[in-house]
Amino acid sequence: MAIERTFSIIKPDAVAKNHIGAIYNRFETAGLKIIASKMVHLSQEQAEGFYAEHSERPFFGALVAFMTSGPIMVQTLEGENAVLAHREILGATNPAEAAEGTIRADFAESIDENAAHGSDSVASAEREIAYFFSTEELCPRTR
């Protein structure tokens, strides 16, 4: 199996409800290691840049407004098949369709405020990690 890195966001709704620790526990229980983490309050420019691929979609303005509404936690996770493993832990984008026991089923209220984001591919993960973290901020776990 391949050791990969993936990018994750705990969104403003889950941060506001103090779910950070519970969500981190889910990552670690699944064998994903947190190798970088920080709290950020995105500016409009940062949010628009991060979600630029959605700029022509009808939900873009609401997404940017939501993602700038409060602090978020951004983290880089490392582990075997990390991209897929993380997405499985998150559950379906729409919490109404998310499997029982997933982060979105347990912590999200709606498709718009769905608790967390996860990279959808290794290429996306690399781009998203670099958007928030310098190489020096990544701390591979050696123990």
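Each residue, glycine too, has its Cβ placed from N, Cα and C.
Counting only same-chain residues at least 6 apart in sequence, those with a Cβ under 8 Å from the Cβ of F59 (ATP binding site) are D112. As annotated by Swiss-Prot, ATP binding site applies to K11, F59, R87, T93, R104, N114, with the evidence given as sequence analysis.
Under DSSP, H117 (active site, pros-phosphohistidine intermediate) is assigned to a strand (E or B) in the three-state scheme. Annotation source Swiss-Prot lists active site, pros-phosphohistidine intermediate at H117.
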Which site among R87, R104 has the most other CB atoms no more than 10 Å from its CB, taking these as binding-site residues? R104
For the binding-site residues listed here, T93, N114, which shows the highest count of neighbouring CB atoms within 10 A? N114
Expressed in Å to no decimal places, the gap between the Cα atoms of H117 (active site, pros-phosphohistidine intermediate) and R87 (ATP binding site) is 9
